[in-house]
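Taken from TrEMBL, the feature domain 'NADH:quinone oxidoreductase/Mrp antiporter transmembrane' covers A:122-414. For A:6-25, A:65-90, A:102-121, A:127-146, A:158-180, A:210-231, A:243-260, A:272-294, A:314-336, A:372-395, A:407-431, A:451-473 (among others), the entry in TrEMBL reads transmembrane segment.
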Amino acid sequence: MSLAPDATVVLLAVPLAASALLAVLPSYRLSAALNVAAAFAAFLAAASLFVAAPRPNAYIVIDDLNVVFIVLNTFVGFTASVFSATYIAHEIDTGRLGATHLRFYHAMYQFLLFAMNLALIANNIGLMWVAIELATLTTVLMVGIYRTQAAIEAAWKYFILGSVGIALALFGTILIYMAAQPVVGEGVPAMLWTTLIEHAPQFDETLLDLAFVFLLLGYGTKVGLAPLHAWLPDAHAEGPTPISAVLSGLLLNVALYAVLRFKLLLDGNARALAPGPLMVTLGLVSTVFAAFMLYRRRDVKRMFAYSSIEHMGIIVFAFGVGGPLANFAGLLHMAMHSLTKSAIFYAVGQIAQVKGTQQIAEIRGLTVSHPLLGWSLVFGVFAIVGLPPMGVFMSEFLIVSSAFERAPWLALTLAAGVLLALGALVLRMQGMAFGAPVGPTAPAKASALPMLSHFALVLIAGVWLPPPLVAWFQHVAQLLR
Amino acid sequence: MKGLAFDVSHMLAGGLVLTSFLLLYQNRLYALLNMYSLQAVVLSLSVAWQAFVQDASHLYVTAFIALLFKAVVIPLTLHRIIARLGIQRDVENVVGAGTTMLAGLALVALAEVVMLRIAGGADVLAREDLAFALSVVLLGLLMMVVRRNAVSMVVGFMSLENGLILAAAGAKGMPLVVEFAVAFSVLVALVVIGVFLFRISERFDSIDAEALDSFRERGR
């Protein structure tokens, strides 16, 4: 290994160092600024990977697949840190969080970014597992930070379900090693993506099949696939809103990335079971289930958490269908969902702060009392339900039409789920955005910039995707088969 | 030597499954913890035997962690927590002991059937070990499902994790086994701290409609 600091070292070292430093810094203004700066540095390092990717070694691999995830992750991590800085100031003013909590919060935020970056660039399936476990534990601690009864219950539920998921994923990881060991030989090489994918055709197929079932259930718990999703709505609703945005926009994607990697191994082995139908089933069940659940929600953050389950279902469905077009659409949908959903959470976080409640019934007439926030919510909901011309429309259209060629009935079911969700979200949004305003009308203090920049990106992506990006996504889609 | 190595590791792994069954029908918390200690001792013996057979010295570290942490520290801490918090000593089961045992038997049969289908590839020793490990994992999951009490749910999770360590130790030459053991110890320690700090004595029963109403829909 060379000692020259390449981009991957920055990706890991900066958040880790920032986390240690933030744990001891007393002033929250300074920590918030440092948090933003560190997240921005990580984003720059990630963007540089497009230009010059380091060669894979025993710890780290950068290929065309994970660059997409890393750049998306660090970008949303950065904008969420900007939002978090102003969000936190309000929490200090209202006394919901104290100085010690904030030190803890900022240190954990950077540690979470570190763990997610590590999970994405790890070449070793064991290292990736450890990183995802760390990310889970960090988010558990952050979900419970308000120490209310509901927050602790949510954190505990997340902890137990997440731990079981993590345990199943480890069993799958061990099985993968056992499948690889007779072919690749003992020791570290049998756990590296680079050697695994090369030798996948010779692996024992029954071991691979079994391993994938465990990995899909284990990491699928973290993706939030029904029926393993029970932790997700609580964790989103009770934690600080920047963390809801990070959970929905980033952590779910990291778990999805793990599933995709293992799917590649099975795709590479001609005798192994086809992973597609399993993923299609789980994806469809999640989408339709979440769409129905959306109708009975009374808490706005909980509602958008169910919307995340729906969208993760759509993405898993797309990758399950497979083929260049569906994979392309899945990748695009993942990116669009991350950007849109985190922006919605930025808006919802501010709304909850100015109104002092997360109850949908107690929020009315936002477009009158807070025009910017109100119209942002309207735009965000239109974008997430997949109305044209926003990016989500394009990706959902591609997914449904590519699935229609292969399995019309499945495509119709998915479309029905999407339409059901549209109905629920637009219905609830109307009540919140229009009508006569009730409750406090104090202006929002948080910065609207992160939210608006995400919305602008989503709108631009819906109208015009830059050709290099399209080429990149197409290349990755072919890689995924 | 080959025959003896096989038989001993077989016996120890089988012992682990047996202790999992013993855990299933304990109806007092202290007895449950003692039984868990016993399982941890069997696990550490099993891992140590694997270390000896495979000539892998790092596995001795894993065995030592299992012995010190799981057989002594965790059960003692949980003992003290139960006493301090005055948690009810009887374990409430959602399902009766007989039904639970039958379900456990079915799960072990399932694990064996699944693993025996794996013919080629892995060697016999590793395969048998894996079948036992999968049984322990499934029995741990079963225990988490049938118990109402938070501490016994934690014990269920820890026994599930013992199955994972057994599987990892049985996979010949697998790197990072020590790291996995440490990572899980951290996880378990946090669970225990959680139980203590937040005085969680009941588990969350997401199947229980009443609990759902109070939690999810009390106007939230």
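Cβ coordinates are placed from backbone N, Cα and C, and glycine is handled just like the others.
Tertiary neighbourhood of the transmembrane segment (A:314-336): same-chain residues 68, 72, 220, 223, 225, 253, 256, 259-260, 263, 275-284, 286-287, 390-392, 394-396, 398-399, 402-403, 406-407, 410, 414, 417-418, 458, 461, 465, 473-474, 476-478, 480-481, selected by CB-CB distance under 8 Å and a gap of 6+ residues from either end. Looking at A:65-90, A:102-121, A:210-231, A:372-395, the range that has the most CB pairs within less than 8 A of the transmembrane segment (A:451-473) turns out to be A:372-395. For the transmembrane segment (A:210-231), same-chain residues at least 6 beyond its ends with a Cβ under 8 Å from one of its own Cβ atoms are 132, 136, 154, 157-158, 161-162, 164-173, 175-176, 179, 251-252, 254-256, 258-259, 262-263, 265-266, 272-273, 275, 278-279, 282-283, 285-286, 289-290, 308-309, 312-313, 316. The stretch from A:65-90, A:102-121, A:372-395 with the most CB pairs below 8 A to the transmembrane segment (A:243-260) is A:65-90.
For the transmembrane segment (A:6-25), the most Cβ-contacting stretch among A:65-90, A:102-121, A:127-146, A:372-395 is A:102-121 (pairs under 8 Å). Nonlocal intrachain contacts for the transmembrane segment (A:127-146), taken as residues 6+ away from its ends with a CB within less than 8 angstroms of a stretch CB, comprise 59, 96-97, 101, 104-105, 108-109, 111-112, 115-116, 118-119, 152, 154-156, 158-159, 162-163, 166, 169-170, 173, 219, 222, 235, 238-240, 243, 246-247, 251, 254-255, 258, 261.
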